[in-house]
Structures are given as C-alpha cells and as structure tokens.
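Asks: Let me give you the structure first, and then I'll get to my questions.
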C-alpha cells in the first residue's frame with residue numbers, strides 16, 4: 001500500500017495546483033451465465049484461471065473456433081449520431097494532469113477519488129453476429145468495464161488542489177482472453193433470434209466454459225479499505241484505487257461462488273456488508289453478510305424464490321434486509337419456446353420481503369405490491385412499526401428493452417414510496433414525484449444509508465434525447481426534499497397526490513450527465529452539507545467535463561467545471577472515495 005501511495009503522490013506532482021478563493025483563489029444481465037447450466041454440466045469445462053495460449057492449442061478448441069469462424073460473422077452494430085458518446089475510448093496508459101478548470105474547488109472539498117464505471121466495448125464497439133440460424137445482438141448495457149477516475153489531492157502547505165485523471169479497463173479473465181485476440185471471441189448471446197441465441201450460448205459454453213463475458217462494468221464499491229468493480233453476472237474484482245490495476249477476483253475467501261449483484265449495502269452501525277446474488281437456476285437468490293473486516297462470510301441464506309427475478313438492488317435498515325421480488329424474470333424455458341430470455345411479466349405478482357438480519361426464508365415477511373420494475377433503491381429505514389422504502393419505480397423494464405426501440409415513458413421511473421407495516425401487514429404506496437419528470441440513478445449522503453434521511457439526489461431523464469438515441473440520457477439533476485410538500489404544479493394541473501418538493505439543476509441543451517455521486521463536506525454538520533459531482537458531456541462541442549454542484553445552492557451554477565483532457569463516454573454508477581495520499 002505504501003508503494004501505491006508513493007506512486008499516486010509522485011504523479012500528482014505533475015499536475016498544476018488549484019487553490020480556493022479564500023486561500024489565494026481556487027459508476028445485465030444477471031445470472032445469464034447459468035441460464036443453461038443443465039446443458040453445460042454435460043460439457044467439458046475450461047478452468048476459470050487459464051492461460052489462453054493453452055486453450056487454443058487444444059484440438060477441440062481449434063475445431064470449435066473454426067466452426068465459429070466459418071458459420072458466424074461479427075458485424076458492427078449501428079451507431080446513431082445521437083449515440084456517439086456511448087462509443088468506446090482507448091486506455092490512456094498513464095495519468096494525465098488536469099490543466100483547465102472554470103470556477104473554484106471549494107475549501108472543504110475532501111481529498112479522494114471520483115470514480116465511475118461503465119461499458120467500453122473492445123474492438124471498436126458493440127457487435128452483432130449473423131449466421132444461418134439468424135442474428136444475435138449485444139444490448140446497450142454490455143461492453144467491458146472501464147474505470148474513469150479523477151483524483152483530488154490537497155497540498156499540505158497551502159491547501160491548493162492537484163487534480164489528475166486516469167482510465168483503465170477492468171481486466172477480467174474474459175477481457176484478457178479477448179485482448180490477446182485480433183477479433184471478438186464471445187458470440188453475443190442475450191438478445192436476438194431464438195435459435196441463434198441458443199447456438200451462441202452453446203458455443204460460448206463449449207469454447208470458454210461460460211455463456212457470456214465477465215463485464216464488471218456497473219459499479220464500484222469499498223469495503224474495509226479495499227475497492228471493487230462489479231456487475232451482475234460474476235463476482236467482483238479488487239482494484240488498486242491509486243493505479244486502477246485489477247488485482248484479483250473477490251470471492252470472500254472462497255465462501256461466495258455465485259453472481260454478485262451491483263449494490264451491496266453496509267449495515268448501519270456495524271460496518272458489515274450485505275451482499276446478494278441472482279442466478280438463472282436454483283437457488284435463484286442468495287443473500288450474504290460479510291464481516292466488517294471483509295475477511296469472512298458470516299451469514300449466507302438461500303431465499304428459496306420460485307422464479308429468477310432480476311434484482312439489481314437491495315435495501316437495508318438497522319434490523320432488516322429489504323428484498324425486491326418483482327416480475328422482471330429470467331427464464332431459459334421461455335427461450336426454448338422461442339421467447340425472450342429476459343421479460344417483464346406485467347401480469348405476474350410483485351412483492352417486497354422484509355427479512356431480519358441473519359434471518360432465513362422462514363423469517364421473511366412478504367408484502368404484495370402493485371407490479372412494477374424498480375432497479376434502484378434510494379433508501380430504506382424503520383419508522384415505528386413500518387419499514388419505509390423509497391425507490392425509482394417504472395411500469396415496464398428498460399432491460400433488455402422493447403423490440404421496437406425506446407419509445408414509451410412507462411420505461412422510465414419516478415420516485416416512489418412503499419410503507420410496509422410489520423405489525424398489521426398493511427401496505428401503503430404512492431408516487432413522491434410528478435409525471436412530468438423521470439428520475440433514476442439515485443444517491444444520498446452515505447452516512448444515512450439505512451436510517452431516515454431528509455434528502456436524496458437523482459439524474460433526470462431527457463425523454464426526447466433518450467427516444468432519439470434509443471438509450472436513456474440524463475439532462476438534469478434533482479434534489480429531493482423528503483417530508484417537504486410540493487407547492488408548485490404544472491400550469492392547469494392541481495395536486496392529485498402527496499408529492500414532495502423537488503429542486504432541479506438543469507444542464508444546457510445537448511449536455512448530459514452520468515455517474516453522479518454525493519461528496520460530504522469536511523466538517524459538515526447538516527445532511528446536505530456537500531456537493532454532487534458528476535461526469536458531463538456536451539454533444540455539440542464534444543467536450544467532457546466534471547461538474548461540482550453545491551447541494552445548498554442546487555439550482556445555481558456549478559462551483560467548478562473541470563474540463564477533461566479526453567472524451568469520457570456515458571456510463572453507469574459513480575462514487576466518491578475518500579483516500580489519503
């Protein structure tokens with residue numbers, strides 16, 4: 001660790017210093033790799049850790065590769081002009097100093113790293129495959145994970161701030177395998193013509209021992225001083241936060257052997273980490289608790305669901321774990337009937353489970369709720385006899401997306417509240433925000449995870465830009481004031497629901513954000529003492545920036561706009577990690 005700190009400090013010295021005015025002016029496919037486990041169990045398996053050169057000297061592998069090369073053609077998927085900033089970028093190879101900033105880095109902005117994950121496909125972009133069996137396509141959430149990191153280091157003598165940018169691929173085993181090739185190896189196997197999808201899965205399984213790649217492109221989290229990159233379909237990779245080098249897979253010392261979902265949560269007060277993993281074959285959902293020191297899996301429980309519900313997030317309180325069992329279902333039997341592997345079944349049941357910490361399936365209290373698709377939880381907490389859950393709720397699923405493109409507002413989410421009474425079994429649910437704005441990718445002050453909070457922050461969908469790109473785009477940020485009623489309504493409308501106050505920070509036309517995170521103010525007292533930091537891209541100029549927005553003056557101008565030396569593609573979840581240099 002001392003070596004890494006020294007290295008980080010050394011390259012920080014290359015960058016100019018930005019001082020404060022007061023001091024002389026200054027980021028889906030869960031379980032798909034097991035959707036055909038019954039078939040693959042009968043096939044010869046290739047070990048997870050393997051030298052790719054040995055694989056390709058095997059006669060069987062050469063034969064199968066020849067079959068793929070002769071029967072399948074990889075083609076570039078169409079990239080619309082409105083999708084240009086979803087295109088991949090190259091690795092930098094070394095950190096780059098930031099040389100231009102508009103505004104000032106605030107006095108009490110902490111040292112640390114703003115890091116965001118996101119897909120960055122190899123070989124120039126997402127691919128489709130064509131064969132006599134039909135066509136398979138990659139979906140927009142696929143692509144190898146790339147980390148984009150902005151480091152903030154304070155100088156001890158004058159408080160000035162050095163800022164450095166770096167990016168790097170997360171080097172999963174499948175990334176390293178394809179990196180050694182001059183062309184794609186894995187056939188797209190998530191969406192497309194049924195027989196083409198089936199054959200692609202089978203050939204991927206025969207050739208590589210798994211049905212799709214380890215993307216590691218969705219989120220970054222910290223536990224016990226270590227940092228991890230993660231996506232739904234495999235276990236996390238430990239990352240050196242200073243160099244962005246991939247260190248190793250993290251399976252909690254061999255105790256966790258299944259997919260690892262992207263939003264683990266820390267238990268308030270104990271520092272334990274609640275993890276969970278969804279798989280396409282039984283057990284469909286397992287929940288674990290990792291010790292505060294990260295060395296031991298102290299609890300693991302099969303929830304014994306009767307379907308594979310594609311669960312991306314989980315809630316936590318001081319006493320309970322909140323489980324979403326919603327009708328976005330992964331079903332390989334459906335695929336065998338020439339239907340989609342992943343489908344939102346709007347006629348199926350939806351329920352939320354409340355399980356005591358260290359509980360089992362028999363201790364879960366289930367609450368039936370209105371069918372919905374909720375990927376992200378804002379927060380959950382206890383309020384008397386009720387467990388309260390706030391989330392971003394939609395009426396359909398944006399993953400894998402409709403066949404005819406992104407063209408309906410029901411695919412976008414609004415902020416929503418469920419109140420689950422543990423004593424009476426009663427459920428109360430309602431919208432918190434109006435139908436004129438759609439929101440997702442929520443963040444809060446992490447110190448309030450699992451306890452009642454007053455504020456939340458989301459990215460706001462730009463529907464017109466999203467329809468044009470066929471991918472969600474976010475043209476504003478929102479600050480949610482829980483407990484404060486909304487007093488303003490669109491012209492001609494009256495209040496139909498008990499909505500909350502919302503304040504907006506709107507970007508210029510054709511400017512969109514990703515990976516927003518809350519940064520608490522050093523020495524801050526109130527919950528919203530801090531900033532929202534986010535990657536921003538201007539599609540008219542092609543310039544990428546990082547904006548820092550004062551959450552106390554949310555609708556005002558950003559206090560700092562940091563111009564990036566290179567384009568930063570749109571991605572998924574971001575986080576601000578306090579670190580010491």
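Backbone N, Cα and C define each Cβ position, glycine as well.
Grabbed the feature section from TrEMBL, which reads as follows:
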type	residues	note
BINDING	263, 312, 376, 573	Fe cation binding site
Asks: I need the neighbours of the Fe cation site defined by 263, 312, 376, 573. Which other residues of that chain put their C-beta within 8 angstroms of the C-beta centroid, in sequence order?
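Replies: Surrounding the site, in chain order, are 218, 219, 262, 313, 375, 377, 441.
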Asks: Do any residues at least six apart in sequence from residue 376 (Fe cation binding site), in the same chain, have a Cβ closer than 8 Å to its Cβ, and if so which, in order?
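Replies: Correct list: 263, 312, 313, 391, 392, 413, 440, 441, 442.
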Asks: Within 10 angstroms of the C-beta of residue 263 (Fe cation binding site), what count of other C-beta atoms is obtained when all protein chains are considered?
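Replies: Looking across every protein chain shown, the total is 21.
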